[in-house]
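Features of the protein shown, as given by TrEMBL:
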DISULFID  Cys381-Cys408  disulfide bond
DOMAIN    1-35  domain 'EGF-like'
DOMAIN    34-86  domain 'Fibrinogen C-terminal'
DOMAIN    243-408  domain 'Laminin G'
DOMAIN    409-447  domain 'EGF-like'
DOMAIN    459-650  domain 'Laminin G'
TRANSMEM  689-714  transmembrane segment
Amino acid sequence: RCLPNYCEHGGKCSQSWTTFYCDCNNTGYMGATCHNSIYEQSCEAYRHQGRTSGFFYIDSDGSGPLGPLRVFCNITEDKIWTAVQHNSTGLTRVQGAGPEKPYTMSFNYNSSAEQLEAVISSAEYCEQEAAYHCKKSRLLNTPNGNPFAWWVGRANEKHLYWGGSLPGIQQCACGLEESCLDMRYFCNCDADREEWTNDTGLLAFKDHLPVTQIVITDTNRSNSEAAWKIGPLRCYGDRQFWNAASFNTEASYLHFPTLHAEVSVDISFFFKTTAVSGVFLENLGIKDFIRIEISSPKEITFSIDVGNGPTEATVQSPTSLNDNQWHYVQAERNLKQTSLQVDNLPKKVLEAPAEGHFRLQLNSQLFVGGTASRQKGFLGCIRSLHLNGQKLDLEERAKMTPGVKPGCPGHCSSYGNLCHNGGKCVEKYNGYFCDCTNSAYEGPFCKEEVSALFEAGTSVTYTFQEPYPVTKNASTSSSAIYVDAVVSKENIAFSFLTAHTPSLLLYINTYFHEYLAVILSKNGNLQVRYKLSKDGLLIFTIDSGNFANQELHQVKINREGRELVIQVDQVLKLKHNFSEIDFKAIKSLTLGKVTDSLSLDPEVSKANAYGFTGCLSSVQYNHIAPLKAALRHPSIAPVTVTGSLTESNCASMMEADVNTATTIYSSSDPFGKTDEREPLTNAVRSDSAVIGGVIAVVIFIIFCIIAIMSRFLYQHKQAHRNSQKKEKEYPENLESSFKADIDLQNTVSECKREYFI
């Protein structure tokens with residue numbers, strides 16, 4: 001049963017009397033026949049799992065023949081960059097190379113040419129930096145000479161243009177920009193000067209990438225020298241992940257060539273609909289067929305017939321699937337089983353019969369969004385359709401098909417929850433991005449904290465726009481306009497870390513001499529102090545411990561109308577209802593030391609004398625992020641910084657004692673979710689164990705040395721006493737020469753006796 005071997009991707013086949021089994025360990029694939037890749041197809045897919053920047057394996061063709069490739073995913077901005085390193089990305093110096101003895105460097109990307117080509121073709125844009133530093137070393141020998149250096153790209157093709165220029169033009173970037181050092185040449189280095197200069201730019205024509213070799217032939221003259229650098233291959237954009245089509249009528253569909261999948265097939269896609277039923281795709285044969293459809297608002301059905309009668313795998317959802325949200329479908333058929341997965345619901349698996357037909361014979365076109373009979377068509381959107389790892393370009397087909405439109409709006413309805421901490425989801429044609437403008441956080445999902453170190457005199461003051469009557473010095477009777485300036489709520493959130501008390505963390509004052517202050521008292525308690533024109537001074541003390549313990553604490557102060565809620569470290573600490581509150585006409589918000597301290601009450605003034613020394617992180621006041629404004633937009637934001645303010649990371653300060661932490665991913669899910677704190681804990685325990693063991697070994701060695709020295713001294717002293725006894729027994733008539741020897745020994749013995757005593 002293992003001949004032929006139906007285990008794919010190097011899976012090991014074993015058998016029993018009735019069936020065969022596939023061992024998929026260490027293949028990078030999973031399933032009954034090792035058909036499905038355990039890796040995602042792009043960095044974009046990892047991003048939508050909430051992953052952060054790091055090294056990942058991507059499998060560009062999924063279940064196809066190409067293996068996984070290790071890349072670096074830079075997930076720090078809206079554009080998700082994929083970087084593939086090669087064996088020489090640093091600056092390399094060259095001397096002594098000439099036309100007869102050229103310098104050549106070939107680049108190894110630890111991958112096949114097909115893998116790199118798949119990464120490049122699926123990306124929207126790719127680039128590689130090319131830099132040539134020269135001193136009396138010509139590059140392209142412009143304007144009309146044969147080049148002294150060139151690079152080789154895909155398909156082993158030689159290219160005579162340099163970074164920043166266009167294919168087919170023997171120039172450098174300065175030639176296109178008309179900014180070369182010598183306008184007679186199209187490259188700076190071609191001026192052949194004695195001093196160092198360079199030609200640097202980006203190679204961005206996808207069909208020529210990646211760079212596989214560089215050749216240099218002009219560094220063999222006197223004082224001639226060069227240094228080159230070819231950067232890693234960098235690409236962004238997944239052309240397939242957002243590739244979508246909108247089906248507007250039940251009679252509309254897209255058609256593709258016949259699906260050839262006799263032994264195994266996998267189909268995956270996203271869909272979004274409000275219809276109660278409809279066929280996603282269908283392919284027919286004489287008798288055989290394959291079909292996936294939404295058969296009811298809560299059911300997805302995968303039907304297939306290979307000649308033994310129809311087999312149906314149905315997944316039932318507890319909630320409606322026609323909710324106009326994106327849902328994921330993955331269907332697979334192989335010689336052992338038929339399976340269907342919808343979102344994260346339990347997979348439906350049907351075992352294949354041991355006997356009978358097993359080859360799927362299809363001959364019609366593949367219909368997407370409808371059927372050959374034009375009945376039960378699909379209304380809605382289908383996105384990122386893959387068949388056996390092959391990507392179907394829905395958008396290109398939709399451009400020439402009536403009733404179908406390329407693309408599909410409304411991504412934020414499904415992915416808006418990935419924007420955290422007040423980040424706003426913004427629609428794009430091919431996806432979305434998180435706008436973190438009004439958030440105290442940043443990053444692609446508004447999850448990266450913005451932190452800074454404060455010293456005793458550091459002050460960050462955010463000034464609000466002055467109300468009209470104040471700026472015009474209007475009479476008190478006109479103060480009714482302040483009704484519009486009343487703040488009906490305060491949503492304050494920040495994190496802090498300090499070891500100093502007393503401290504003033506945050507201070508908000510108004511034009512009516514009201515204020516809100518958050519301080520650490522001398523004993524480390526947290527105080528929230530409201531001074532209101534009608535209720536006077538209200539003090540709310542959180543005395544659940546010393547908060548100046550060099551640990552990171554999170555504070556949330558929310559007031560909605562008269563109701564005040566205070567949370568510390570995500571635990572509700574206090575609720576209060578004001579009798580009446582009119583906290584209005586906000587003047588400024590200060591972090592750290594308040595420079596204008598005349599109106600402070602004695603307790604706040606005492607804390608203000610010390611200011612704040614420590615780390616503040618992710619400070620939010622309603623829709624304003626004052627600390628982020630001070631660090632990111634100091635020139636345009638209405639913020640004033642006094643003293644030293646250094647960007648830092650509060651969370652990393654807590655882990656300063658732990659130098660390194662390594663997260664190890666399992667082979668089945670190499671980038672799975674793990675508790676990153678656990679390796680840190682283990683590291684601390686490991687360090688403690690090593691230190692304890694070293695101390696024990698040192699003590700043991702010291703005891704051994706003392707014991708050996710004691711035994712040696714004891715034996716030596718005994719030998720000395722025995723020699724004294726023998727000396728007394730010597731006869732008096734010994735020969736004079738022998739006596740002289742004994743006298744000499746006695747002299748040495750006397751010295752030894754003094755030493756031991």
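Numbering starts at 1 and runs along the chain as displayed.
Keep in mind that glycine also has a Cβ here, set from the backbone N, Cα and C atoms.
Its Cβ placed at the centre, Cys408 (disulfide bond) has 25 other Cβ atoms within 10 Å. Shown for the domain 'EGF-like' (409-447): DSSP residue counts in helix, strand and coil, namely 7 helix, 12 strand, 20 coil.
Here the domain 'EGF-like' (1-35) is broken down by DSSP into helix, strand and coil counts: 0 helix, 10 strand, 25 coil.
For Cys381 (disulfide bond), the same-chain residues that are 6 or more apart in sequence and have a Cβ closer than 8 Å to its Cβ are Ala244, Ala245, Ser246, Phe247, Phe271, Lys272, Thr273, Cys408.
Per-residue pLDDT, averaged across the domain 'Fibrinogen C-terminal' (34-86), gives 88.
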